[in-house]
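The annotation transmembrane segment is assigned in TrEMBL to 21-46, 58-80, 100-118, 138-158, 178-208, 220-242, 254-274. Annotation comment: TrEMBL describes 39-272 as domain 'G-protein coupled receptors family 1 profile'.
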Amino acid sequence: MENASAVGEFLLLGLTSVQELWPVFFVMFLIIYLTNLVGNGAILVIVTLEQRLHSPMYFFLGNLSCLDICYSSVTLPKVLANLISRRRAISFLGCITQLHFFHFLGSTEAILLAVMAFDRFVAICSPLRYTTIMNPQLCILLAALAWLISFFYALMHSVMTAHLNFCTARGSTVLNQWLLSVVTGGISMGAFLLTLLSYFYIMAFLLFKNQSCRMLHKALSTCASHFMVVCLFYGPVGFTYIRPASASSMSEDRMVAIIYSAVTPVLNPLIYTLRNRDVMLALKKTFSRKSFKDSQLH
């Protein structure tokens with residue numbers, strides 16, 4: 001690639017120029033990354049091993065946990081490496097690869113959250129037909145479409161970015177900006193609107209069916225964890241793309257990127273475990289089983 005030979009690497013600004021803070025940030029991000037791996041890894045294990053969690057809801061939760069592990073792994077290892085290195089740089093190929101997976105995993109999460117909202121809509125509004133509608137084939141198809149659509153969207157975006165002229169200011173970025181606005185906006189806003197539509201129908205169904213307070217609370221509690229994750233995901237994204245640009249936008253964008261690429265993937269497993277009785281029971285069962293085996297060995 002002609003552009004790749006012209007630009008070998010990019011220098012990274014880093015989080016701060018105060019060197020005394022680098023060890024503090026290193027420890028902080030290392031803890032965040034390890035917590036993400038352990039938390040989402042635990043969800044993946046129990047969803048796979050626990051038979052009672054073999055349902056569409058937990059199948060998609062397993063996909064979300066896998067996605068969160070990959071999402072943090074795209075950026076945090078490089079952040080950690082730069083915090084203990086005096087020369088902070090990334091190769092051209094490494095930058096394009098990171099860009100690809102960042103867009104790939106971000107758009108996958110947006111679509112996956114919409115699919116999870118649809119799953120909750122079917123479970124609450126058509127409980128008798130739930131197992132028929134959300135059959136294993138459809139679940140696999142929806143998950144596969146989320147990953148495939150996002151992969152090819154990110155591939156288009158990374159290829160277009162790779163062909164930009166980074167050596168001079170003469171290269172036009174109009175097409176890239178148009179693609180970012182139209183395609184990225186279409187995927188994210190489309191998924192967001194489908195998510196809101198699912199919740200609108202859920203609320204309308206519960207209100208018009210004159211459900212008891214107990215049934216209403218039970219139905220809403222099944223959606224609460226997912227709704228919190230949706231807010232955590234779309235909050236930073238909306239702040240980045242909707243607010244007007246300003247002189248301080250670069251530093252603000254940096255902090256927002258940290259939130260949805262490092263902090264949010266850590267909070268997701270906490271939200272689902274602390275608010276989900278089935279997951280908590282499965283965790284206790286898994287750990288008690290492990291403790292029993294360890295005691296038998298000793």
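Placement of Cβ uses the backbone N, Cα and C atoms for every residue, glycine included.
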Distant-in-sequence neighbours of the transmembrane segment (21-46), which means Cβ under 8 A and at least six residues beyond its ends
15, 53, 61-62, 65-66, 68-69, 72, 76-77, 79-80, 83-84, 262-263, 265-266, 268-270, 272-273, 279, 282-283, 286
If you average pLDDT over the domain 'G-protein coupled receptors family 1 profile' (39-272), what do you get?
82
